[in-house]
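Swiss-Prot annotations:
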type	residues	note
DOMAIN	44-87	domain 'CHCH 1'
DISULFID	Cys47-Cys79	disulfide bond
MOTIF	47-57	motif 'Cx9C motif 1'
DISULFID	Cys57-Cys69	disulfide bond
MOTIF	69-79	motif 'Cx9C motif 2'
DOMAIN	88-130	domain 'CHCH 2'
DISULFID	Cys91-Cys122	disulfide bond
MOTIF	91-101	motif 'Cx9C motif 3'
DISULFID	Cys101-Cys112	disulfide bond
MOTIF	112-122	motif 'Cx9C motif 4'
REGION	161-183	region 'Disordered'
Amino acid sequence: MASRIPQFNQQVLYDTTPLPDSIPKVKELGASSAPLMSAAYFIGARCRDYNDDFMQCKNENPGKGEFECLKEGRRVTRCARSVIADINKSCLEEFRKHWTCLEDNNQQLWQCRPAEWKLNKCVFENLGLKKEIPDQPPNVTPVHLRKQMIYAHWPIPRSAEPFVPPTQTGDNNKAPAAASSSS
């Protein structure tokens with residue numbers, strides 16, 4: 001059949017060529033899938049503009065956008081890194097409980113709603129970031145605020161209440177300045 005003998009190289013190859021100086025240097029996130037999933041909506045809330053720029057660059061350079069979009073990708077990484085660092089500073093206990101629950105439950109969000117509600121409350125109060133599902137119809141209860149989960153292994157305790165951030169006009173990703181008691 002073939003005239004040459006197949007040769008398999010089992011060594012890992014590293015490309016040691018440095019990136020050009022025009023590409024900004026950035027440290028990687030250093031987080032596994034569970035912490036990233038736990039913080040994903042908050043990363044999306046704060047880093048939306050960077051994500052949109054990156055996706056626009058990828059769409060404008062189909063099939064060859066890897067090198068052209070490195071700058072935008074580095075901005076996304078830097079922003080996500082800042083969100084993870086801020087959550088670790090402000091809400092470490094709640095964050096750790098939530099991502100550990102995700103890790104223990106095969107990354108199934110519905111198994112960890114009570115821990116998620118506590119994390120959402122802490123992040124909103126300390127960082128002003130809200131968990132919002134994009135394109136959610138206004139007349140439908142978001143899945144993360146439902147008190148009854150169909151596929152959950154155990155029922156949500158009656159004492160657990162979902163955190164619903166106060167509604168406000170304008171920018172939905174900022175914490176309210178001061179709660180005024182008008183009623």
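The backbone N, Cα and C atoms fix where each Cβ goes, and this holds for glycine too.
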Write down the Cα-Cα distance for Cys91 (disulfide bond) and Cys57 (disulfide bond), rounded and given in Å.
33
So among the disulfide-bonded residues Cys47, Cys57, Cys79, Cys112, Cys122, who's got the most Cβ atoms within 10 Å?
Cys112
For a three-state summary based on DSSP, what are the helix, strand and coil counts in the domain 'CHCH 1' (44-87)?
38 helix, 0 strand, 6 coil
Contact ranking winner - 47-57, 91-101, 112-122 against the motif 'Cx9C motif 2' (69-79), Cβ under 8 Å:
47-57
Per the 3+ Cβ pairs under 8 Å rule, pairs at least 6 apart in sequence, do the motif 'Cx9C motif 3' (91-101) and the motif 'Cx9C motif 4' (112-122) touch?
yes
Going along the chain, which residues at least six beyond the ends of the motif 'Cx9C motif 1' (47-57) come within the CB cut-off of under 8 Å?
65, 68-69, 72-73, 75-76, 79-80, 83
Name the secondary structure element type, per DSSP in three states, that contains Cys101 (disulfide bond).
helix
